[in-house]
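J.: Please find one structure pasted underneath; my questions will follow.
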Amino acid sequence: MSIRPTLGSVGEHELQNEFGTTERAERFYSDQMLNHLNPTMIEFVARQEMAFVATADSHGECDSTFRAGEPGFIHVIDPRTIAYPEYRGNGVMASLGNIRENPHVGILMMDFVRDLIGLHVNGSARIVEDVDLRAQLADLPDAHAKGRTPERWVVVDVEEAYIHCRKHIPRMEPVDRDRSWGTDDVRRKGGDYFDAKDTPHELPEPVAPAAEIPVEPAKAPARKRTAKKAAATKTPATKSPAKKTPAAKTPAKKAAARKAAPRKAVAATSATSRTPVKKSVAQKTTAARTPAKRAAASEPTVEE
């Protein structure tokens, strides 16, 4: 069983070792993390008008919520204790229900207007009714400020307080808010802004998880030969200026040569039979010009 470090969680220390950030983390723990609020932090909390609160139930399932009020609505009881009010809401009690099971809370206060800086406050929370806390604290903020009456308070014992750097905090400018009192516009009221009322609460289960659906790669379309390319590939070999031999003729010309060959072959045979072989050089040269004559000239050589 792991022993919780003095500062930070077991998990964050494991990752610091894994990713080589231990030295940087130790500097942050040493320079910026306190177990209480110092005077500068107390002044910062006193002028905040909003905060983000994170809670989790006993199973670790989380909720985050937003809280807002007049400057000082988060009350600093002492350097190690703060409290924020809970007003009437939708009745779900999600954050308070988590605190009932698991007291650990994380609060983030952000200054978007003046200093662009943030303050984290983590600690252990408990729920205290408004009347009970007022009996203990005379300086608790007015219960009826701007017509809002706290029903109860969340009192937090501070365990960690540290800075949130300004690097990615946007600057904002406060403006007057135009409230649409008495409107019937659901979106302007805000109660059903996301149309959840008429949306099914649960989606049906998919037929198969996306990871199990086979994905076939798209096949490339067959390449079509254009008319120009087809013509270019059918250039006759007889166009070559180097050789104009009958062997290079197209199939159609070869067929015509074969049809004409028998008549010439007969004439050549009769001529060569009358002439001795020694005097047939001219005839052999002539016969070599076409395949048909070449075949006929080879026959008289047997007579020698």
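Each residue, glycine too, has its Cβ placed from N, Cα and C.
Feature annotation from TrEMBL assigns domain 'Pyridoxamine 5'-phosphate oxidase N-terminal' to 40-165. Residues or ranges marked as compositional bias 'Basic and acidic residues' by TrEMBL: 176-204. Positions annotated as region 'Disordered' by TrEMBL: 176-304. The compositional bias 'Low complexity' annotation in TrEMBL covers 208-220, 229-250, 263-272, 282-297. What TrEMBL lists as compositional bias 'Basic residues' is 251-262.
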J.: What is the number of residues in the compositional bias 'Basic and acidic residues' (176-204) that are helix, strand and coil, as DSSP sees it?
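T.: Per DSSP, the residues of the compositional bias 'Basic and acidic residues' (176-204) fall into 4 helix, 0 strand, 25 coil.
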J.: Just to be sure I understand, if DSSP states are collapsed into helix, strand and coil, how many residues of the domain 'Pyridoxamine 5'-phosphate oxidase N-terminal' (40-165) fall in each?
T.: 25 helix, 58 strand, 43 coil
